[in-house]
Amino acid sequence: MSGVANTVKSAVSSVMSDAKVNDMRRNIIDPGDNDRKGQNLDYGPYISDTDNWLKVTNGTHAGPSLLEDQVAREKIMRFDHERIPERVVHARGAGAHGVFRVYDDRASKYTYAPVLTDPSRETPTFVRFSTVQGSRGSADTVRDVRGFATKFYTQEGNWDIVGNNIPVFFIQDAIKFPDFVHAVKPEPHNEVPQGQSAHNNFWDFVGLQPESAHMVMWVMSDRAIPRSYRTMQGFGVNTYTLLNAKGERFFVKFHWTPELGVHSLVWDEALKIAGQDPDFHRKDLEEAIAHGAYPKWKFGIQVIPEANEHDFEFDILDATKLWPEELIPIEYIGEMTLNRMVDEYFPEVEQVAFCTSHVVPGIGFSDDPLLQGRNFSYFDTQISRLGVNWQELPINRPVCPVLNNHRDGQMRHKITKGQINYWPNRKGTLPPVPTKEGGYAEFTQKVEGIKHRVRGSKFQEHYNQAQLFYNSLAPHEKAHLIGAISFELSHCDDPVVYESYTKILNNIDFDLAKQVAINVGGVIPEAPARSNHGKKSDRLSQTHYVPAEPTIKSRRIAILVADGFSGSEVLAIRAALKAGLATTWLIGPRRGKVYPAGQVVGEGEGMVADHHYEGQRSTMFDALIIPSGAEHVQRLAKNGRAVHWVREAFGHCKVIGAVGEAVAFLRESVSLPGVEFQSAPGSDSVVSSYGVVTTGTYGVTNAAAEPFKIAKGDKGFLANFAYELSKHRCYERELDGLVERVAF
């Protein structure tokens, strides 16, 4: 092409580019223009307050939020309709069916709701677990809050607890929810990052919104990287009310406590699993149910009589505060078991829709400002996603009869006979049901005050419970929290952001703020911004929730082998661990037959390996066992991936067991630092050191003489191994500096 032609082509391209740029410019608004005064409503007027929903208040205590608030309704409704059809939040989910039953009628003193008082009932449930920030395509193991939403199909209608695995939230008033989600979601200019909060906008928002401080402590703790959905607590978060047969009202918070204890991944492991198996949590749920290790949770309530609402130093309606169990104990009244996976993901997990406003007679609402807005927002959102007839979808449909005068609308399922579709009518069709006959009864609540955008004085304190949470953590949990905040802030490239949040941390704990500032290059504080009250609550640490009876139920145990391993030993180990309802997985050099000692490779019967070293990594398992066998151990020692397998498991504080020649493999080839090993060949004595359990021999004879049990002692290889596994991890390795000495 000639030079002239090139010049002409370039000029034409420039003109076309400029023309489109000019065309687009008509739609571009720069919020940073200095001549813009501030925010407007969509129809023009300036907004004077975008932080507080208009409500009835006496200036000290919040009353109900008002539907007349155009600012709040416009803000929430616009937010509700931002995504089509994916959920704006909680897009990535997994679900399962189950049953709920109360132990007895002990809750009847608080409520007349049969689902909470009738032990003869077995109420069907559906639970959807989810992450919050990421899209449907993000990974399961990202650092995030986890949704824990439960639908009870009661005989009186559907009751939804739309909860999380953390008991508090980032904001006090629902009007701030669009701001929070916009800040935590991928940044709008480049749609980055996906499924994580490690970016400028999130930390900018929480740094300027001190009410978030308590929630940030929880999200930066191990709670935000759970080992599985089955080892998470669940919380209703908001304050609801219960109404008893006498007409007395009580404030209530709802709790789920897992049978297996509360356990988490470690950060390096969570990062690796996100790439190795982004569906890790949903697979884990399905695997447990398929193996009959049904996930179970105890259901508890915290209850405050209405007369005692104002007896606490915090406002009980503030969703950024928890109710300390030392002041308001949890009363466990029932149990839920998940026992059936879905038949098809989309019509069940994706189309299930929850509403905080879905309650049944005997359960009601408080003036919690977050709940008041959620009651409006959730219903509006479901209409946007699924259409006005979303409650007719099979997964959302109540099990009780539903008759009313609603008609038409997109995707209507029902065909209603007759000529009457209104009330009152000449035939008396479908009259309202009096409360004495089962109609829903609202509590007759006295409301007085003025319309105002204001929060009560108790809503202004933001750090006491953040301190309480941090003080209550175990040493390894504190170290993980410091590491998490340091990781997140190190991804913020605006100094204003990470320097500002260091100042927030200094209101919680001076040493915490100082260490984070050192780690991220922030301004190191010279003195505490406020004193630490020193109070603790054991129940805020995950270590509190160790099951009363040690268990290894549903734990995944890898048995690492190469050709030449002891076949009888593996059979005995697998049989014993199966008795504890754990699952064992043979990991070999190839997927297919691996040959035990005494068999010719390629000719013997062999044992089928479930995965090979590259196909599944140690991150997928809770523990690791290496059987004896001289030839097999020599092969492992020459395989770098196999050596890394063990080092990585050690670095992630997982339990490791070894028998016979495998003990020398750990000591010499893997070179685990600081660990004591059993060193007497052929001896069945056991040494347990930093979660590494070793013995000289284990086989059919040992298995016959050692019925499966979980116990600590000098005898019983699997008893000691199971005991260490029941503790989940050996975090002493981290605290004593052993982990940092291993490359993994």
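Using N, Cα and C of the backbone, Cβ positions are placed for all residues, glycine too.
Taken from TrEMBL, the feature domain 'Catalase core' applies to 40-431. What TrEMBL lists as active site is His90, Asn164. Residues annotated as heme binding site in TrEMBL: Tyr378.
Averaged across the domain 'Catalase core' (40-431), pLDDT for the predicted model comes to 94. Counting every protein chain shown, the number of other Cβ atoms lying within 10 Å of the Cβ of Asn164 (active site) is 24.
It is 10 Å from the Cα atom of Asn164 (active site) to that of His90 (active site). You'll find the Cα of His90 (active site) roughly 12 Å from the Cα of the residue listed as 'heme binding site'. A C-beta separation below 8 Å, combined with a sequence spacing of at least six in one chain, links Tyr378 (heme binding site) to Val162, Phe354, Cys355, Thr356, Ser357. There are 21 other CB atoms within 10 A of the CB of His90 (active site), with all protein chains counted.
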